[in-house]
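Reviewing the structure listed below.
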Ligand code: RTP
Ligand code: MG
């Protein structure tokens, strides 16, 4: 079975949306393999979002993701990366359809509630980065 890495971002944790988001993944049919609340260090944040290090929003992105606790998870299911991204919705909540997590709970691209790995490689790298496995 495929695995993917998903994380409720600090805005989602602060708004009390961990349960809602976990529930949506369970309802979709995913199986929760691991999960934990952590506050991400600057170093881990920069590694996690390293693909964006040249982008103008990189500094704000790292500042945001380290601004409070996150809920990091490993989910198992068929086509896990693709199906997780599908229920999360488009990056910009203005483009995310109602029914998706971002479509239902977010308004701004800078604070879009939840992260999902974007490829098999990213999923493996992020699972290793956050869970050491
Ligand atoms: P994520 O990595 O957080 O799951 O989001 P994503 O794959 O849907 O989008 P990605 O392109 O990887 O962007 C990472 C995060 O950067 C923020 N962002 N801000 N200000 C902007 O124009 C801008 N563009 C992207 C978003 O919070 C996005 O989730
Ligand atoms: Mg991404």
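Note: Cβ is positioned from N, Cα and C throughout, glycine not excepted.
Going by TrEMBL, these are the annotated features:
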type	residues	note
ACT_SITE	115	active site, pros-phosphohistidine intermediate
BINDING	9, 57, 85, 91, 102, 112	ATP binding site
DOMAIN	1-133	domain 'Nucleoside diphosphate kinase-like'
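Recorded features from TrEMBL, shown on the structure.
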residue: 9; record: ATP binding site; DSSP (3 states): coil
residue: 57; record: ATP binding site; DSSP (3 states): coil
residue: 85; record: ATP binding site; DSSP (3 states): helix
residue: 91; record: ATP binding site; DSSP (3 states): coil
residue: 102; record: ATP binding site; DSSP (3 states): helix
residue: 112; record: ATP binding site; DSSP (3 states): coil
Subject >> Least surrounded among the binding-site residues, given as 91, 112, when other CB atoms within 10 Å are counted >> reply: 91
Subject >> Local Cβ density at the residue listed as 'active site, pros-phosphohistidine intermediate' - other Cβ atoms counted within 10 Å >> reply: 21
Original post:
For residue 102 (ATP binding site), which residues in the same chain are close in space, meaning a Cβ under 8 Å from its Cβ, but six or more apart along the sequence?
Top reply: 88, 89, 90, 91, 93, 96, 112, 113, 114
Original post:
Given the model, what does the mean pLDDT over the domain 'Nucleoside diphosphate kinase-like' (1-133) come out as?
Top reply: 97
Original post:
What's the most sparsely packed of the binding-site residues 9, 85, counting other C-beta atoms within 10 A?
Top reply: 85
**OP:** Count the residues of the domain 'Nucleoside diphosphate kinase-like' (1-133) that DSSP assigns to helix (H, G, I), to strand (E, B) and to coil, and report the three numbers in that order.
**Re:** 60 helix, 30 strand, 43 coil
Subject >> Cβ-Cβ distance under 8 Å to residue 57 (ATP binding site), same chain, at least six residues away >> reply: 110
**OP:** Can you grab the distance from residue 9 (ATP binding site) over to residue 115 (active site, pros-phosphohistidine intermediate)? Cα atoms, rounded to a whole Å.
**Re:** 7
Original post:
At the Cα level, what's the spacing in Å between residue 85 (ATP binding site) and the residue listed as 'active site, pros-phosphohistidine intermediate', rounded?
Top reply: 9
Original post:
Can you list which of the recorded positions 9, 102, 112, 115 have their Cβ under 6 Å from some atom of ligand 1?
Top reply: 112, 115
